[in-house]
Ligand code: 2AM
Ligand code: CA
Ligand code: CA
Ligand code: CA
């Protein structure tokens, strides 16, 4: 993708993300219609749907040749990542949006022939925009994010992970994960995958481990984390399939092998 073309798409995407965020902030105390999806804790609201629909309408008008993958189904059904593909989570952290009215983000990743070129994660209520373009560094608002400290040991690490890792699960023996939590310095659960990626990029966490994330949860985060020297793979260290759900490990490069080794012990 040509640099000028990418810059134009980036500026436009950024404008739309900020506009959508402002709309959500304005409506944050308005009554919500809340539905459930796969289970009673898997929430979706009219705001999730309206926000995705806003992006899809804008993209289709402005860039009819681009494709869209979105959580709420307004995008296209894709079986490949050819050309320019917008991968959108209109509200990442819907449970936080509903219950806390904060700690949620708009996440937009823009890929070209399968390569992540642009990542935007907007922490709406904090008005913090994390953004990156491939090979151009990552930023929090106007501040350039530093490369991750490559000297962290597991014993000093703060790792984001859902509590379900400590319950009976399909992936890893819970004893192993309990041992993992005891080994690291601290575990955190923010409830928004996109924000966990952003916090890793910011250097306030050292990794994030998730059992099952969809492309829209991670597309922007991958681009941003890459720019500060972090890595994102599945929990075996393999490349992710950006058209499917994956177990995901994103972390400081210096911890990747250690975390994968640790988990391997308890793999089911
Ligand atoms: P969402 O809010 O966009 O649904 C919560 O731990 C994180 O996992 C959020 O980023 C949430 O995204 C994501 N997630 C993925 N699949 C989920 C599901 N089935 N139910 C709830 N959260 C899910
Ligand atoms: Ca959801
Ligand atoms: Ca999500
Ligand atoms: Ca969502």
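Counting starts with 1 at the first residue shown.
Placed from the backbone N, Cα and C atoms, the Cβ positions cover glycine too.
Since we're looking at a predicted model, the values are computed, not measured.
Here is what TrEMBL records for this protein:
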BINDING   71, 89, 91, 92, 217  Mg(2+) binding site
Cβ within 8 Å of the mean position of the Cβ atoms of 71, 89, 91, 92, 217: remaining residues of the chain near Mg(2+): 48, 88, 90, 93, 94, 105, 107, 192, 193, 194, 214, 216
Least buried by Cβ count (within 10 Å) of the binding-site residues 89, 217: 217
Cβ neighbours within the same chain of residue 71 (Mg(2+) binding site) - under 8 Å, at least six residues apart: 48, 52, 88, 89, 90, 214, 216
Same chain, 6+ residues apart, C-beta under 8 Å of the C-beta of residue 92 (Mg(2+) binding site), given in sequence order: 104, 105, 106, 107, 121, 192, 193, 194, 195, 216, 217
Assigned element (helix, strand, coil) containing residue 217 (Mg(2+) binding site), judged by DSSP: helix
Those residues of the chain, 6+ apart, with a Cβ under 8 Å from that of residue 91 (Mg(2+) binding site): 24, 45, 47, 48, 51, 97, 104, 105, 106
